């Protein structure tokens, strides 16, 4: 019986929703994933990728992972050889941690691609059940599409502003020190004061040694090509991280909107037993979807929280200690802001979701159900009130590891500041 009721909520109300074309935001998300090496099928996306397109996208994804692994290997070797030099180790750690974060996200979203598509499909279906808010979901999708488009364009533009100068700088350093990456004593003395260049050259020497196994170690063109490949794939990995984050943000925005619909429809539902049953089934479906999304994103948010604290403190230390090296300042500022953005957006969405859950209990308690004579309706309203207040933290993004909210953001800031002070003392 319960299964038939849930089915009626998820499928039976689909006749209220017209067949709509995908919004611009959804199309951009699909194309962004494809450009970064992942084929993702989102609801109402009209384009069907052929066999050749799927092969190219899959091959591109394999190349991205290969390039990221090569970068991590070379950076790891150089990091291990510079552990005694604190400033050098901290500078390398920033790039290593950020790239490792991108790799973990790529592997997770690749392994669970089908689950991502299933959740997106469920969210699409439940959003278009105009049970208590006719036409509201279409307006919400249009608004969400504009937000996704603006954020995606803004972040891609910011990334390019930081990436292009950094890419050109790194490649130029390798070119200046080619044939066969040996420097004179005078050049070495100058380089000793330019930490970033020194570390790039150490990576170049390691790459040259690896290429030497294939007889290409003495070829500056081969080393330059290998460096271009590694850095380019790392930037595609950053794009993959941005695209998946935007998809997860859209899910939580959808959950906030769905809880808003529940709050608006509760008063009318308590006045009609039939509507109350539909409302309860709808609420049950939303609650199950919320738990499913939290279960999927919990590992993602766990890694974001753990890595972001390290990245922000390391970036602050680098900018504080190496502020005179303007060539890398812009890149690290953008890197730090992007890390902050991940935490802030999840916390803001978690706070909005918490507010909607509190509004739901408040609405259930303040309705005129106490004046009615129907005892079943009274008990139903009381159960809604109690259920909405039960373990609210377990329903926020990051559960069960964290409860992402503004309160958590404040505690995160204090932890990052502590890390920053510790790094200053260690240096």
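The backbone N, Cα and C atoms fix where each Cβ goes, glycine too.
Heads up, TrEMBL stuff is auto-annotated, nobody curated it.
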Exercise for review: Identify the transmembrane segment range according to TrEMBL, selecting from 199-220, 221-242, 243-264.
Suggested key: 221-242
Review point. If you check TrEMBL, which stretch out of 326-349, 350-373, 374-397 is marked transmembrane segment?
Key: 326-349
Practice item. Among 126-146, 147-167, 168-188, find the range that TrEMBL records as transmembrane segment. Key: 147-167
Review point. Among 221-242, 296-320, 326-349, which stretch has the most Cβ pairs under 8 Å to the transmembrane segment (89-108)?
Key: 296-320
Point to revise | Positions whose Cβ lies under 8 angstroms from the transmembrane segment (55-77), at least six residues beyond its ends | key: 34, 36-39, 49, 92, 95-96, 99-100, 102-103, 106-107, 110, 203, 206-207, 210, 226, 229-234, 236-237, 240
Review point. Of the stretches 221-242, 296-320, 326-349, which racks up the most C-beta pairs under 8 Å with the transmembrane segment (401-424)?
Key: 296-320
Practice item. Would you kindly list the residues that approach the transmembrane segment (296-320) from elsewhere in its chain, counting only those six or more residues past its ends and only Cβ-Cβ distances under 8 Å? Key: 90-91, 93-94, 97-98, 100-101, 104-105, 108, 112, 115-116, 119, 244, 248, 251, 328-329, 332-333, 335-336, 339-340, 342-343, 346, 397-402, 404, 412, 415-416, 419-420, 423-424, 427
